[in-house]
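Single-structure report; data block below.
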């Protein structure tokens, strides 16, 4: 189409920019033909006038739509040009953190300078088996493509990794080799893949160095061939090296280092084994200090040295050789420190006893004088004579450096040879994959011979690359049958001819090297004369006559001629080499052997490979004087030959290209420098690939994809039934130029830009449709708005009018109401006035009447009171007369009472003082409060008595005073009468005065007594109040303490309960982890056994020697040769003679190291399995103990010994009782039976006596077992370990006998040494275990002795207590118990104070001992119950026998006829649930029931688990017969046969499910009928009678449990193999909801798949397969809990594989795909609901996938969205969330991408989340399986044996 159609307004273009290389801009107006200027708007907001080139008129490059940016394949872009490629790489690298991108057949890898979690084994598993175009670009995808093409096309492959130094070539090659090592595995036990990977650290240490561009730059090229056998497993490898940079050994530029190995040696100089090397710091050596940068940040040279030595050991380089290598390297360092002193201009000398040279000679084992001489002289040979010439100081220094380089190069080649020998395999190589790690195009300021060779190699590789790309394009066009047009591409053959043709640059250089006086200047002149102005690719610099310029495919490079000849000749003095060859150090002459030995045909072809597998690379030029032709080859000639061989190898293989890009020169992580990137893209051929693709038809669509995408551009009438014709018709209308597209068989091919044009048409059509939709919707919205407003206006009018009417009605109501209110109000006012007046009148009347009534009352009252007064006065006068009479009596009483009061007062004073003392002594004592209170009460009583006395005294005093007053008055009145008695008056006055004085004294005493009483009362009250307050405080404190104690107890209880719950959960988690580890070990053990069998089979096939009796057949059962034992315990029970393989071992030398490793590994696994089992038992016991701890704690300390003693006595009494019953039964039998029947010779008598005798013996045995209970506890532990050691020694002895039969003496010696070390190790282990067991036994003996003493003491105390009366007995027992507990607590406190750990261990041991004793006693109980059952059975048989004989024998027959056995027919109900078979029929039973049984017929026609029931019934019969050999043989054959069936038909789900179900049922039967109480409680009484009576098969239960675990793991593997091809297609690729997922909006160049589509799977396919699995398991009668576990594992596999592929496929991360995934998950959940499996935990395994689907669907813009995502995606790791957001790709241009800032926000919010950094889920993870006990209700006696099983030789019993 015309440019005017493309360059329209708003079109975006790319314009050149000096800083950013390319800058984006937008057109501000349409372009018209003839315009000289384009008006552009830049992204930074500026406007620009862009002038077009007036000569060419070329328009700027158009920019791809945003929807196309970030594509996985650069060739999928619509516009293919440099800015589009650069921008796409930048967006993927910076925004999406994606370092890999496809460019056609090339994988572009950008070095992130950061460790990324994308190379783990989970990533390898995700890419394994996938098509290259289905997954995101990755080095693993390229490796997988190469591996699949090798297997499919039977053609060797090559992976060519190139790029600048620091671009990541070595790392990419390393990851490719790791992928091959992981997915293929090795064909032997020697772990070849580990050796291949181990070669990397060795080669990096001797071939890598730090440069200014890279800290780990490879300074050599290498091509590694990884060999595979016919089964495509790694068998070996071979390495070729190219152009080692030898000059780095003697010179390093600023900020660079020498090879890593030198610094590693210096860092490890302090190791004892390196003392002899006399090394020091790297700065002390001339060859390591020139760069001034001896350290690399983040690298520990000492650790790297340890890794290097470890790798050397793994590759078989012995310790002596390693020390030899280090010795030579140290010698090179010391040689660099050798200094020269000038004598004159032409000669020099070395100082005498020069220390560096002395150390060098000592290390190299050469003569000091000789080496010193030839370092300063050289030998010249002419045609007639030879003479020695001294050399100058400069020449001597150059010779020294040349010698150092030569030694290092020889050592490098020697190490490469030994690495190749270690990687060599004796198995014939079928195919190989080569990995080429070679330097990319280089150009520096000064370019020399090394850059010339590197760029020459890149010219050859680029030519091969161009031819391959051209070939692939041609094949694609021919495949689609479209017209082939010649594509013009750059051909660099002229440049190659300039370099390597006759009279080319290399040819002239070799010719100049042959000239005696050839120089760099003369060589330059020859170049100018030959090629200047004759070859367009050769130029001469203007300002130099010692340089030349070559126009390479990438850029022009100017080479300096100085040094070309010297480097090409690589001259080393012959005399110096001779001195080294004469070294006493044996390893040094090996380095200088003739090159013929290094490339001998035998060494190249001995392994059956082509001679190209070992090619000598860049050997140095031979010394002067040698005549061999190959030693005269120059470095350039050798490099050209090796390069030709390399190109021949690459041309014979299918190449795969990896181009590594260095994003910046500063090693900043995820920093993209556009200038440097463009330079490398041009140099590595990526842009050439783009140009070739753009010249053809880069965009390719299938017809269905095109129709789905551009259906909007078609009219209804254009759509036909034939989609292909529809697409043709539409394209002819849309694109008029038919040259812009071509129709292939399955695809439409578009030229560059056509898809973008179609996208523009589609966008325009959609935009026009959007405008029309918007117009219609806007009109509809406005009309809808108008109608709404109209309805609103009418509604408002209606409501307003209604409101007005309501207001008027309200006015009328109010008017009427006001009139009514006024009427009633007026009436109310008048009525209230009337009521007030009436009330006032009533009040006045009431007050007046009251006044009159009160006056009348007063008058009556006065009269009444007058009468009373008169009565009172008269009474007073009478009393006064009486009082006067009593006066004298009262006075006497007063005197007496006063005297008594004084006495009482003194007494009270004394008591008061005693109270004060008591208070001082006992104040504050709470315990005396009650006594004080009582005394206070007594004092109060006394006080009251005193107060009453005082009151009486006052009364007497007052009465006396009154009497005296009356007397005085009377005397005064009768003074005259008293004159006669004057003397009497005086005496009376004196007496009055005396009485007054006494009265005053009494008053004062009364006052003091009252004061003291008040004071005492106050003090007493204060004391009481204080005591009450203190008592209150004490009570409060007591309540507080009680409350605190209760709270603390509650908190402690809660804490203990919470801790117990947490510990229980942790123990359960630990139990699951241990169970998982144990089951993984079982899986590893099975894998090793299978590998062992495979090795034996391969050895047999390799020998091609027929072996009688061991030839494998196609039947379901094979010979014993392919059997593998299950475990060490199981192996002990097998009665199989050891097999020898003398015919094989005598004819073939076996790999003894392989057998020793295998035997050692098997032994280790068996020991680890036993340890894991013990640990598992311990964990389960710990969980049990934690649950029962609270219940059993009160009983642990006190009742152990009593319980044991009483239980033993009870058992002994029970045994005695049983024995008595047996004797009574025997006596009764002898009395009741007829004499003839019970005669000693009668058969019945003999049968009965034998049975009774056996029962009696059994009882005696049980009694002895009870008596030796304690000894058993001690001996059980001692009997286990020696048994294991004995088995180990037996296995070692058998292996030694096998080894001694081999012929190879070297291997026998090696095996003997290994066995000696093994025996020494076992002996030391045995001695240590013996000592520990002896110590433990001694401790147990001491404990037993102490327990015996304690038991005796307890018995004595018990006997004493029994003699006491009941009350005293109880008191004595309590006292004894208190004493015992006190002593025990004191002992424990002392023990805890002295050693808490010992105290804790003592408690644990005590508890364990009690548990063990209880278990032993429980076992004895069970034994007694079994004996009772046997007695009952015998009694029943005896009764039946008596009755049967009495009924069937007549009296005459008793006398005359001999007794013969009578067969009594039994009814069906009398069957005992056992099956009888002969021992010789055991193999037939196993064959018919296991080996040749078809699960389908059994599952459909018979009861589930029938084989398990039959086998158990046979075991029951063998147990009934007490035949341990028969039980062992049957169980062993059963287990081995099941293994054989699963090994033969292990890929059949139905078979594996069938035998998993039957194995579990067999295991449940062994538990159900074991006789253990925990299993018997679910049985019926009849089933309990069927329990095993003679054997405890607990060990076989463990063996069967392990077998069931292995079968379960195999079932999971079968499930995974069946489901894996369906999951990605059904869950991700298939459109379950049609029309939701849009087609990719570009002509996505779907990379050609190496595997054709094998059919499309849908979600229905997965559901049908799940239904099939479920129905098969149900038909086989699998336990429901086990089915739930299988379903959970299936759903985990579905979720993990789906999520992993989602995280590795950018095209699947879209909104529509999230909806599809969510719908698919809902269908799976619906399936779970239909099957009633929602509680199986399967739904939870899909939670990560559900959250990933939700993450694709939610908004991803604001901070709130980020918060919602962080809270929602709790089942996804941070790496997974960020990966999904980075991969999120809109399906169309109307959807926005996730911004980088939003992703950063998510990362910031999730930075504190502690989760795994792993990106992918472990799809290989298997949940630990458990087999919950599921008893069967099926009665064994009712089971019928179908005739179809062919088991007629067994009989029901």
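Every residue number used here counts from 1 along the chain in the order it is shown.
Cβ from N, Cα, C; glycine included.
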Of 643-665, 666-688, 689-711, 712-734, the range Swiss-Prot labels region 'Actin-binding': 643-665
Region 'Disordered' range according to Swiss-Prot, out of 1075-1104, 1105-1134, 1135-1164: 1105-1134
Swiss-Prot annotation (region 'Disordered') - matching range among 561-597, 598-634, 746-782: 598-634
From 1450, 1812, the one Swiss-Prot labels phosphoserine: 1450
In Swiss-Prot, the member of 347, 1205, 1213, 1650 to which phosphoserine is assigned: 1650
Number of helical, extended and coil residues in the domain 'IQ 6' (885-913), per DSSP: 29 helix, 0 strand, 0 coil
Arithmetic mean of per-residue pLDDT over the domain 'IQ 6' (885-913): 85
Secondary structure content, the domain 'IQ 4' (837-861) (per DSSP, counts of residues): 25 helix, 0 strand, 0 coil
Residues from the same chain, set at least six apart from the ends of the domain 'IQ 6' (885-913), whose C-beta lies under 8 A from its own: 939, 942, 946, 949-950, 952-953, 956-957, 959-960, 963, 998, 1002, 1005, 1009, 1012, 1016
